[in-house]
Amino acid sequence: MKLLAVRRLLRIQRVVIRYRLDDLLFEQPLLPWWLASLRLLMPWRWLPRKPLALSRGARLRLALQDLGPIFIKFGQLLSTRRDLLPTDIADELMLLQDRVPPFDPQHAVALIEEQLGAKVGEVFSRFDVEPLASASVAQVHAARLKSGEEVVVKVVRPGLKPVIAQDLAWLFLIAKAAERASADARRLHPVEIVGDYEKTIYDELDLLREAANASQLRRNFEGSELMYVPQVYWDLCRPKVLVMERIYGVPVTDMATLADQRTDMKMLAERGVEVFFTQVFRDSFFHADMHPGNIFVSTVKPWSPQYIAIDCGIVGSLTAEDQDYLARNLIAFFKRDYRRVAQLHIDSGWVPAQTKVNEFEAAIRTVCEPIFEKPLKDISFGQVLMRLFQTARRFNMEVQPQLVLLQKTLLNIEGLGRQLYPDLDLWSTAKPFLERWMRERMSPKAVIGNLYNQAEQLPHLADMTRDLLERLSQPHLNDAQLPERRRQGDNWALRLLGAGLLGGGATLAAGAVSLSAPAAWPAWLMLAAGLYLIVRR
């Protein structure tokens, strides 16, 4: 094992030298003296050298490709962190392709039989040995079940965990060294990024997780004209094997075929936006790997086109609070209400509470005003979020993994939509959806539902408060004093409930203000009830 680690280290060193990645480190102006002096000990730096023909981003991309699948996938993850990376490097890393030679089909057959506990011929009436596709984590074979259904069988690449563990160890080592060596590197939080990648890559190795994600997404879009998700055959799914319905559609980037079948491209682009916002705001569960290779278009109704989504290994979700703040942020942003945007970032806890609103507002205005000089159809929604996050990072915004996934997905959807229909006005498509969603959240039905959910917790709240007070009570508290202390606990619980109602009413009223609409009667009812519970004796 140690010999393999040494060989891997030498391999990494050769790639660093070949693409002169040492320049990326030594161009940093704030290196410690001892590290800056190391360049003198690198023999290749004393040799004559030609001017570098490739940019730093291109050299980094080629180096990651040379280092293999694990580094390629890490580069793909890095490309989504546009809030942290320089634009030229992020653009280059977007070009990384996760394509590797297929592994021996006999290994795939052996793994399937081991996982299913049956021979391939006993499960499938046909199994294509030649894979349909091969990537760093798994490869896919076509097959037919004994019952006649056409399926695809996804199989995890054998012997992958030791390779991943070894490469992750080197990535962590490089990240820690970079953090110690450079102030700029520390700002990028490389150790945190590698940690996120570690979780993502190990999640992708568990195909039962992917099957569960696909099953959830399919249920969310059951009967929808917007998107179709293939059926999962749960009785044939295992941690290293996934069996799904085989779909036949047109790759979303095959513009010629889409045109030949007279696909309504405008509707297709707009439905892509609707799919995104439906997942994020209605379901709070979104496919977070919607690059063109994972999206197809049904051939059934080209005049009413439907998307087909595959590969649900990476998904994201938002809390109700994040959904609410995100919707308000976007609406306020397009109203150019920068103070509201700044205040929402602080209220949500995305930036520290001590942040000066005026300074944050000015920074947002400086970054965002130039964007609005363009026509709305030319404004990139994803770029807006990216610039917003970049600005917030300067004010110590904590990394929000769910928002990073959201921004990456939005950039993919937006880029795809404009490729399908260049005049796509994403904001005009999204605004009615957001405003409708906000109105539904303030509707009497939604408010009553929230109150009902809170009411279920009331008995427990009083008991918890009373228990807390009793634990904090004096050791000499006698039995005669306990009833009074219990009464005080009940009163405190009611005051807490009142505070919650006040907060809920204020949130509803604020939502009405965001939409320039009158506050609904439930908001006033909640405010009045909350005030009564707080001031009552």
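Cβ coordinates come from backbone N, Cα and C, glycine included.
Annotated ATP binding in Swiss-Prot involves Leu132, Ala133, Ser134, Ala135, Ser136, Val137, Ala138, Gln139, Val140 plus, out of the candidates Lys154, Lys161, Lys176, the residue Lys154.
Cα separation, Ser136 (ATP binding site) to Asp289 (active site, proton acceptor), rounded: 15 Å. Comparing the binding-site residues Leu132, Ala138 by how many other C-beta atoms lie within 10 angstroms of each C-beta, the top residue is Ala138. Overall, the recorded ATP-binding residues Leu132, Ala133, Ser134, Ala135, Ser136, Val137, Ala138, Gln139, Val140, Lys154 cover a maximum inter-Cα distance of 14 Å. Confidence over the domain 'Protein kinase' (126-494), given as mean pLDDT on the 0 to 100 scale, stands at 82.
When the alpha carbons of Ser134 (ATP binding site) and Asp289 (active site, proton acceptor) are compared, the span between them is 17 angstrom. Under the three-state DSSP scheme, Leu132 (ATP binding site) falls in the coil class. Of all the binding-site residues listed (Ser134, Ser136), Ser134 has the fewest other CB atoms within 10 A of its CB. Spatially close to Asp289 (active site, proton acceptor) yet at least six residues away along the chain are Asp311, Cys312, Gly313, Ile314, Thr409, judged by Cβ distances under 8 angstroms.
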